There are 2 protein chains.
Amino acid sequence: MIHFKAIGKVMGALLMLFALMMLPGAGFAYYFDTGDFDALLQSSLITFSFGSIMFFSFSRQDQNIRKREGYLIVSVSWLLMSIFGMIPYLLSDLSFGISDAIFETISGLTTTGATIINDIEAAPKGILFWRSMTQWIGGLGIIVLTVAIFPLLGIGGIELFVAESPGPTSDKLHPRIQETAKRLWYVYMGLTILAGVLYYIGGMTFYDAVNHALTTLATGGFSTKNASLAHFTSPFIHYTAIIFMILAGTNFTVIYFGLTGKFAKVWKSDEFRTYISVLLILALGLSAPVIYYSGQGVEKAFRDTLFQVVSLVTTTGYVTADYTSYHSGLTMVFFMLLFFGASAGSTSGGIKFIRHLAFFKNSWLEFKRIVHPRAVVPLKINGDRVTGKIITHIMNFLLIYLMIFTISSIIVSLMGYDLLTSFGAVATSLGNVGPAIGRVGPMDNFAFFDPFTKIFLSFIMLLGRLELFTILVLFTPYFWRAN
Amino acid sequence: MIHFKAIGKVMGALLMLFALMMLPGAGFAYYFDTGDFDALLQSSLITFSFGSIMFFSFSRQDQNIRKREGYLIVSVSWLLMSIFGMIPYLLSDLSFGISDAIFETISGLTTTGATIINDIEAAPKGILFWRSMTQWIGGLGIIVLTVAIFPLLGIGGIELFVAESPGPTSDKLHPRIQETAKRLWYVYMGLTILAGVLYYIGGMTFYDAVNHALTTLATGGFSTKNASLAHFTSPFIHYTAIIFMILAGTNFTVIYFGLTGKFAKVWKSDEFRTYISVLLILALGLSAPVIYYSGQGVEKAFRDTLFQVVSLVTTTGYVTADYTSYHSGLTMVFFMLLFFGASAGSTSGGIKFIRHLAFFKNSWLEFKRIVHPRAVVPLKINGDRVTGKIITHIMNFLLIYLMIFTISSIIVSLMGYDLLTSFGAVATSLGNVGPAIGRVGPMDNFAFFDPFTKIFLSFIMLLGRLELFTILVLFTPYFWRAN
Ligand SMILES: [K+]
Ligand SMILES: [K+]
C-alpha cells in the first residue's frame, strides 16, 4: 500500500509555498502596470486554495513517508508545480495554447530555459518575472533533492558524491540534513543577491538584474531579452554571468567549503578539479578556431567562446554568440557539450562530471583488468573506493540516458522534423540546457513545434531533471508491487 | 619482454596462406582476360615471398605465445593483411591512391563493404574477385578469433557467450578448439557454396554468384554491381540473400546445433531468440510506413523493408532500396540499425545482440535493485548467472563504443563534412556495415572523402572489427609494462 495521504499533505504544503512565489511577479506587474497583475494574483489564489485544501484534508493523517512515497513525492511535486505553474500564462494576455503553457512552465521548473515565446520583450513584465521565478524554484528544488532526498532514494549512482549522504565517500557538511539544507539555501540566496547586485552595477535595470540573477543561479537561462545576454554588450556583465554560471554549476557543498576557507577540501574534490580544468581546456582550445572563423577581436572571440562553453557545460543556456555559425565541425563540438552537465549537488542538469569521471576512470582501469585478469583493480574517486554496484549503476545511467536520447530523437523526427533538429531538441531538453543545433540553434526558439512534440519534449525535460530513475521507476511493476 | 619471434613465425604462415587466396582472382582475370592477371599473380608472389622469409627466419624459435602475444598477433595480422592486400589494387590499372587502396582493402578485410570505386562494373573482374575474397577471408578470420582467441584474451565481455570459451555459461561445442574451428570452417564453407548455388539458380552468372556468396557469408556486402543487389530484380535472389544474411549473422555454434538437429539448444540461446524476434518486429513494423511512403506494391515494399533491415542489422550492407528516401523519421530509424550488430560468434560486426541484451536486462533489474536495495538481483543469460565483472565490462564496451563514435564523428566533421555525413560514415565504419546516411547513403560511395578521412575511417573499421579492446589495449602502458 502506498501512503497517499502522507503524499497529499506534503503536496498541499508545497503548493501553498508555490502560490506565495507568484506574488513578487504580481508586484512587478502592478509596478510596471503591464496588465498582468490580475492573472498573477488569481493564479496565486487558486494555487493557494488548492494547496490549503489538500494540506488540511490530510493534516491529521499519521502515515509515514517511506522510500516509495519519496519517489512519488518527487515526481508528483514536479507534476503539480507544472500544472499550477501554467495558470499565470493561461490567464495572461499571451495567447498560449495548453501545450505552450505546459512547455514554458516545465522548461522553467526543470531549469531548461527553452522557450516558445517569439517576442520576449513584448511579454508583460509580471509574467516574465514568474517565468524567471519558476527556474529559481526549480533550481532550489533540485538542490534540496540532491542533498536531502536522492541520497535516501539511491538515484543515479551519485548519491555518495553529494553532500549529506551517508557512506564512506561523502564529506559530511553537517550532521543534520535540515541544518544542511538551510546552509545551502543561504548559499543559493546569497549568490543570487550578489549576482543581481553585480548585474545592476554592470548596467542592467533593477528588473533585468533580478531576473537574470534568478535564472543564472538556477542554471536556467531564461532571459528578459530576445537576444539573451547578447543584448548586453558590457564585458563586465558577460564575465559576471560566466563566473556565476560556473558557481551555479559547482557542488554547493564545495562552495560552502570555499566560503568557510576549507580550500584543501575544495581541491580534494575530483569532480570540481575536473570541471574547472575541462572548462579551461575547452575555452582555450576552442578560442583559436573561433578567432579564426569569426574574424572578431581576440578578447571578444575568447569571451564568446568561454561564455558559450560555460553556458552549455553548466546547462544554463544563455547566449552571447551563435556557436553554429563558425564551422560544422565546431557546431558538432558545441553540440557534444549538451551531454556534459556540471556537478552533482549543483543546479545544473545533464549527465554531470562525476558520472563522466567514473566512466573514464573505470574504462582506463578496464584495460588494466584485461592485462591482469586476476588482480583486484578498484576504482577510486576523491581518494575513496567506489563499489562495483555504484559503477554498474552509473554506467547504466549513462546508457539509459543515451538510449532515451536516441529513442526520443527518433520519435521527434517521426513527427516530421529533420535529424539535426530532432537530435538537438532532445539533447537540450534531456540535459536541461536550452539552445541546441538545427532549427533549435542558439538564435531560435521552440515555438514552431507541434503540440504533441512540445508536450513530449516537456516530459523529456522532466525525465532529465529528475535523473531518469525517479520517474522511470514508477513505470516498473517492482515499484507498485513492493510493500 | 614481448616474444616477437613467436609473432613473426605466425605472421609468416598467415601471409603465405593469404598469398594463395589471391590466386582464384588471378584465375578469373585469366579467364575473362580483363588485363589484371599480372597484377594479381605478382601480388601473390610478393606476399608469398615475404611470408616465407618471415616464416623460415623464425621457424627455429622456441618462444611461447602468451596472452600478450595473442593481442599483438590479432592486431598485427589484420595490419599485415591490410598492407599486402593493397598490392593488387596498386598494381592494377585502377588509378588508386594509397589512401584509396588502404580504404578498400581494410573495408574488405573488416567486412565493412564501404567502397571508393565509382564504377564497380568497369573494374577488372580479377581485382573485383580479390575484393570479394578479402571479405570472405575477414569473415573467416573473425570466426576463428571469436571462437579460439577472444575467449582466451577476454575481449568485450562476450567471451563467455561464444562457442568454445571456458566458464559456466558456454555451451561446449566440442572439447578441442582445433576440432571446433574445423567444424565451423565446414559450416562457413558449406553455407557459402549453398548460397552460391542458390544465387546461380536465381539467375546470377557463375562469377556474380560466387562473388555474392563470399560477401554474403562474410556479412561483407561488396557487390560486383554498381546498384548492389538492387541490380537483380528477382525476388528469389533477394529472399536467398535475406536468408543467408540472417544465417551469417547467427552464432555459428547455434547453426551447428541446428544442422545437427539440436533445436532445443538453438532455442535456448537468448541471443538467437532476441535476434530473430527483433528482425521480425522491425520488418513488420517498418513495412507499413514504407508501403505508405514508397507507394510500391505490398510484396515489394515488404521485401525491401525486410531486406534493408536484415542487411543493416547483420551489418552486411547490401542494398535493394534507398532507405533514406521515405521520411526523415524512417531514415533515423534505419540509421539506428547501424548500432545493432547481429550475434557474437558470427561474421557480423557492431555491438551485437548479446551486449544489448545484457544491457537491457540489467537496466530492468536495476529498477528492482533500487526498490529492493538489499536484495541480490543477479542477471541471467541463457539461464546462467552473469558475473558483475562481465556486466561492467559489457557496459564499458557499449560506452566506449559510443564515445569512439562521438569523438570520431567530431574529427570527421572537423575535416569539413556535414554532421549527418560525419555521423553516418563513422557509425557505418565502426559497425562494419557499409552504407549510412547523409552523403554516404545507400546510393552513394566513399570516393569523395579526402585521404586523411579515408585512412581515419579505415582505422575505425579495424577498431570495430577487433572489438575495440584488442587494439585499444595496445595504447595503454599496462600492456607494455606487463611481464
Ligand atoms: K538551462
Ligand atoms: K558489412
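Here the Cβ of each residue, glycine as well, is placed from N, Cα and C on the backbone.
Per TrEMBL, these features apply:
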type	residues	note
BINDING	A:Thr111, A:Thr112, A:Gly220, A:Thr315, A:Thr316, A:Asn432, A:Val433	K(+) binding site
TRANSMEM	A:39-58	transmembrane segment
TRANSMEM	A:70-91	transmembrane segment
TRANSMEM	A:136-163	transmembrane segment
TRANSMEM	A:184-202	transmembrane segment
TRANSMEM	A:236-260	transmembrane segment
TRANSMEM	A:272-293	transmembrane segment
TRANSMEM	A:332-354	transmembrane segment
TRANSMEM	A:398-417	transmembrane segment
TRANSMEM	A:455-480	transmembrane segment
Dominant neighbour of the transmembrane segment (A:236-260) in A:39-58, A:332-354, A:455-480, by Cβ pairs under 8 Å:
A:332-354
Neighbours of A:Thr111, A:Thr112, A:Gly220, A:Thr315, A:Thr316, A:Asn432, A:Val433 excl. site residues, C-beta within 8 Å of centre, K(+):
A:Thr110, A:Gly113, A:Gln135, A:Ala218, A:Thr219, A:Gly221, A:Gly317, A:Ser348, A:Gly349, A:Gly431, A:Gly434
Counting Cβ neighbours within 10 Å across all chains shown, tell me which of the binding-site residues A:Thr315, A:Thr316, A:Asn432 comes out on top.
A:Thr316
So which of A:272-293, A:398-417, A:455-480 is most in touch with the transmembrane segment (A:70-91), counting Cβ pairs under 8 Å?
A:455-480
Give me the non-local Cβ neighbours of A:Thr112 (K(+) binding site): same chain, 6+ apart in sequence, Cβ-Cβ under 8 Å, ordered along the sequence.
A:Ile106, A:Gly220, A:Gly221, A:Gly317, A:Gly349, A:Thr428, A:Ser429, A:Asn432, A:Val433, A:Gly434, A:Met461, A:Arg465
For the transmembrane segment (A:39-58), distant same-chain residues with Cβ under 8 A (at least six beyond the ends):
5-6, 8-9, 11-20, 22-23, 25-26, 29, 84, 87-88, 91-93, 126-127, 130
Same-chain residues near the transmembrane segment (A:455-480), Cβ under 8 Å, at least 6 residues beyond its ends:
2, 68, 71-72, 74-75, 78-79, 82, 99, 102-103, 106-107, 109-112, 114, 138, 142, 145, 150, 153, 155-156, 349-350, 397, 400-401, 404, 408, 411-412, 425-426, 429-432, 446, 449
To see if you understand the setup: which same-chain residues, six or more apart in sequence, place their Cβ under 8 Å from that of A:Thr111 (K(+) binding site)?
A:Gln135, A:Gly138, A:Gly139, A:Ile142, A:Ala218, A:Thr219, A:Gly220, A:Gly221, A:Thr315, A:Thr347, A:Gly349, A:Asn432, A:Arg465
Long-range neighbours of the transmembrane segment (A:184-202), counting only residues six or more past its ends (CB under 8 A):
136, 139-140, 143-144, 147, 163, 208-210, 212-214, 216-217, 232, 234, 236-237, 240-241, 244, 247-248, 252-253, 255-256, 259
Including all protein chains shown, what's the count of other C-beta atoms within 10 A of the C-beta of A:Gly220 (K(+) binding site)?
35
